[in-house]
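One structure is given here, and the rest of the page talks about it.
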């Protein structure tokens, strides 16, 4: 747990890798995933690096594999995923892999082209078959004497050409069905109605060999007279991409041809089936290993990319890499290097050498499956600066708690807990399923957050005594109506009073009406009281202020640990102390007043209780003569004046004094001066003893002078910070009132849902109401999940997020670091693509 | 064989979840109505006459409470049936899955 409070301690280290062992060492480092390589040749073009050739070969292999994968997916063959993690192949195995892939790709391409040619052939033959079959009908009709008789009498009985049969030419072909209407019209217009078109649809769709999709086509036959028309018709057919087939003129010839076509189709079908079988076999064999191949190739590519980042020694004997790594994991890195060296068979060990640097190391927070969700909430705002206090461990409790304050409902909390429990208990199985749904993955990643949010909601729901907007009366209410009717104890109600009034208010001052608070949470009697909202609002508003002020004070105290760790005493004395005094003397005092008022007034004295809000405003106005608002306690005015003055005194401390002190320190250091002896800077102290080596150029990678002190900049920055803090105290406290607002909204919404939906189901006086109730309950359940759990849950989540990011974290968290991105094969294993 | 399968695996799972929730919640409501919980008075369908014409108050209101409570129990029983049917559907869906693969 200790490492969760701050990010890991990182160090810059140099890696000396023997050229022959470099590949194996880097692959071992990739397996453990604990080092981040720095680019040592940033000015070298990508194409001029040492291993560019290998990278290119890997990319070529990757491309071939992608082609194979695409073919496998097209053939609907499932890719086997055993979840195994194959070892990185040696560089010498690369040629084998390349040869395998090359062979596979060529084979597939050949099969594909053969198949395509065969399919084309097949299509042509099928079309021809259809033409021969359909046209037979047309010819039969034409030669039918009865039809001929009928039509000829209709045309013109006095036609001179009648009797002598016309020599009609014809073309037959196949065309896409959707083109028929335009085709027909075009023929009619161009040939001026002198051609005769017959067409018939082919019922079964034909397969397009190039695209592989199904197309509907029609057979047509066009009769015409003369060569000129023939040319025109042929041109139009060409223009409409109709395929024309030669069709014999006499029936016996046609019959013969049809028989021939049938025989050829059968042969072709057999060949096609065999080709398809072969293709399936090849693809199935590939599907078994394609995932492993992908991982191998991508790992190799990643290794060569990483090797490209290294510096090549002048002697070409070794590669020099610079890495960021966590100090706590140095041992495992050393071990990985040793394993890599052994594997490559090299005798010279690889060396890991720690370096001193002034550069800011990356931020690395170790997480497990429970904390990672909370850490990502923090990181989404900004990556923490190096070794800064990490808000994530506190977020684990405060985030679900603040969420639950807004989402407080026993029933809804229980539902949410059940859903999260399902995700948590089934996590291994769900993870193995690798569901690709983005929404689901988001929820799944936050399953522990949701679980905690649900549990906390159950708790706050119990405190609010709210379960689907109804209260649970477990211990018995503390309120009683009976004493209001007995004059002995001061009750003044009679049955006449009940007749006359619609609404009556119980008087807690009457003895026995109020018998003390409910053991836990809100008394269930409030659920049916008319002034429920007045009571709950006052309670929830005060509760939000209390929670908010505590949360913010906690944030400010965390900044103390930052100042202590980074050794900045000035920030403690002139930053942290005035800040915490300012806040606690104003808002901390308000919280104490709230508690004081809760404790010190009981039912008999509550009539005289002053308004806290007015009292607080009067505190700033120094107005203590308000007759309507009595003081809470004796000596209130003195204490309050003192507190306001102290708070005011803190402002200049933060605003001006800190800047002036910073300036003085800078001038003092400057007056001491430093001297530079050949790269070694020596500072002269006030006395001889205090002289020290301030900076040693050889030790630092990049020698930079200390930041120049710019008085204007610092003053403006400090002023902004101070104003932001002081105004922020007020606005942030007000901002915590969203806890009240959201919880009010949630409670009201669930009450509306109950009275608009569930109430209808319950309010039936006959047994038929049971069926209605069952149906209504279904709607109630769906609406509850959709509106109250998902929609309201998201809104409460968002507000809890804001309270953490803005109100809590800006008190201590700067979030200006950059993330530690170790070189790891993990993302390759998950099948995700990098970059 | 005519298949009794009429909804997919997701629908069946949804049915199971809703029926578990329904059985628990409606049974609890039934118990609370039978116990004449004061908090639930707003959901009891009584009218002005029920109070006025009550010879032995509050028996009229109590009988209405019982009526609504019984309705709740019946609805819970309906959800038991729905849950059983959904469970069968899940089983059938699983068997179908095995048969395909």
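For all residues, glycine too, the Cβ spot is worked out from N, Cα and C.
Curation plays no part in TrEMBL annotations; they are all automatic predictions.
Per TrEMBL, the feature coiled coil maps to A:94-128.
If you look up TrEMBL, you'll see A:396-425 (among others) marked as transmembrane segment. Distant neighbours of the transmembrane segment (A:396-425): 371, 374, 377, 443-444, 447-464, 466-469, 472, 543-544, 547, 551, 738-739, 742-743, 746-747, 750, 784-785, 788-789, 792-793, 796-797, 799-801, 803-804, 808; these residues of the same chain sit at least 6 beyond its ends, with a Cβ under 8 Å from one of its Cβ atoms.
According to TrEMBL, the feature transmembrane segment maps to A:445-464 (among others). Remote same-chain partners of the transmembrane segment (A:445-464), defined as residues 6 or more beyond its termini with a Cβ less than 8 Å from a stretch Cβ, comprise 369-370, 372-374, 376-377, 396, 399-401, 403-405, 407-421, 423-424, 427, 520-522, 536, 743, 747, 793, 797.
Under the heading transmembrane segment, TrEMBL lists A:545-566 (among others).
What TrEMBL records for A:572-596 (among others) is transmembrane segment. Taking Cβ pairs closer than 8 Å, the transmembrane segment (A:572-596) reaches residues 542, 545-546, 549-550, 552-553, 556-557, 559-560, 563-564, 612, 615-616, 632-633, 640, 643-644, 646-647, 650-651, 653-654, 657-658, 661, 725-726, 729, 733 in its own chain, all 6 or more past its ends.
Here the transmembrane segment (A:637-661) has long-range neighbours at 570, 574-575, 578-579, 581-582, 585-586, 589, 619-620, 622, 624, 631, 711, 714-715, 718-719, 721-722, 725-726, meaning same-chain residues at least 6 beyond its ends whose C-beta is under 8 angstroms from one of its own. Annotated transmembrane segment per TrEMBL: A:637-661 (among others), in sequence order.
Positions annotated as transmembrane segment by TrEMBL: A:767-791 (among others).
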Per-residue pLDDT averaged over the coiled coil (A:94-128), given as an integer: 89
